[in-house]
Amino acid sequence: MNDRLPASASTSIRLSVNATASSDPEALNATAKFVATPEGTALAYGSLVFMALLPIFFGALRSVTCSKSKNAADMPETITSRDAARFPIIASCTLFGLYLFFKVSRRLLPRGELRRCISSDEALNRFGLTDVGGDSTLFLVLSLSPLMSRVFPASFPNKQYQLLFTQGSGESKEEIVNYEFDTKNLVCLLISSVVGVWYLLKKHWIANNLFGLAFALNGVELLHLNNVSTGCILLGGLFIYDVFWVFGTNVMVTVAKSFEAPIKLVFPQDLLEKGLEASNFAMLGLGDIVIPGIFIALLLRFDVSLNKNSRTYFYSSFLAYIFGLGLTIFVMHTFKHAQPALLYLVPACVGFPVIIALFKGELTEMFSYESSEEVLPTSPRLTSFPTVSGSPASLASSMDAVSVATGSSPRHRRLQPTSM
């Protein structure tokens, strides 16, 4: 976070590098006039912590099922150590490129003209939201399907459908779209489409959170680290990335305030006073959920591989995440300055399980565990790592980047219920 922002604005800006912060003078003046009550602050941050835990817990459980799937369409994306090492560099280049774009566009157009016409920032947002609208709806469908399978009664008439588009003929025939779905998926699609239209028209914080939770859940489920060493490389690199771009420059703040998409979870601190129309938000970026989440999911799969009917490493890392996020909030309010959450989450989520493994004598076994061995050899490998944490790119765009690199796509994924 920009250390030049006034302390009075710290309660309404993000916990981490992923959320939106405003440096507009009018917005800051409005923020300065608002003083959150202790009850409102506790409700906001308690809700953020609770929402952050949901996709990590259920995404980790679903990642176990996903890793055992024998359907190539349901295979997870495997992140190798090379991918993890390249990620902070690619993310930094992307972030700085967006920073230059926003800076140049503002200098080319006078302030008055920016207010009278569609600015470059808004044009980029509109372009991005067109893509996010479709992908976010799909991710919400994938998230709702397991829940709806339990809600619908057994007598519900559930018919199977397949939507297939091919290009060419004979041996050169290429599959473009292959959807396998049922009636329950259509109901989920209808609900998700309504939420998508609601978000595009109103930008309401509840719709934003629904899409954010869906992105995070599918990210934890579908992005798999191949081993603990890769997880340490990824989290260590992002630890440095977070600290540098947040405390060392104003690049993160400039980009974050210019990009509008469901890349964060938000909860109003003035909900008790203004109800659903509240506007002073506490925020948490999706990268601070997905990045630690895929590491926690890896430890759950490691627990399962031990065949000891215990989830020691999963629960220890899960509790470590709660501790790290709570410590972030505590430090932020103690020093009246927003904090990058990964600064505290990375040492907690990596340190706690490693210490436990050291005491149990399983450290070597932990670092020799290969999650990719549980996946079929045809599982796609991530060769072009997208931007997830600490950048304004949405999780939907991240998954699309994975799809381009691997030749697979969430659009080709079979819409079948997964056990939660």
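Just so it is clear, glycine is given a Cβ too, placed from its N, Cα and C backbone atoms.
According to TrEMBL, the feature transmembrane segment maps to 42-64, 84-102, 183-201, 222-247, 281-300, 312-335, 341-359.
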Two-stretch contact, the transmembrane segment (222-247) and the transmembrane segment (312-335), at least three Cβ pairs under 8 Å:
no
Could you tell me whether the transmembrane segment (183-201) and the transmembrane segment (312-335) have 3+ CB pairs under 8 A, leaving out pairs under 6 positions apart?
no
In contact by Cβ distance (the transmembrane segment (341-359), the transmembrane segment (42-64); 3 or more pairs under 8 Å):
no
Are there 3 or more C-beta pairs under 8 Å linking the transmembrane segment (341-359) with the transmembrane segment (281-300), counting only pairs at least 6 apart in sequence?
yes
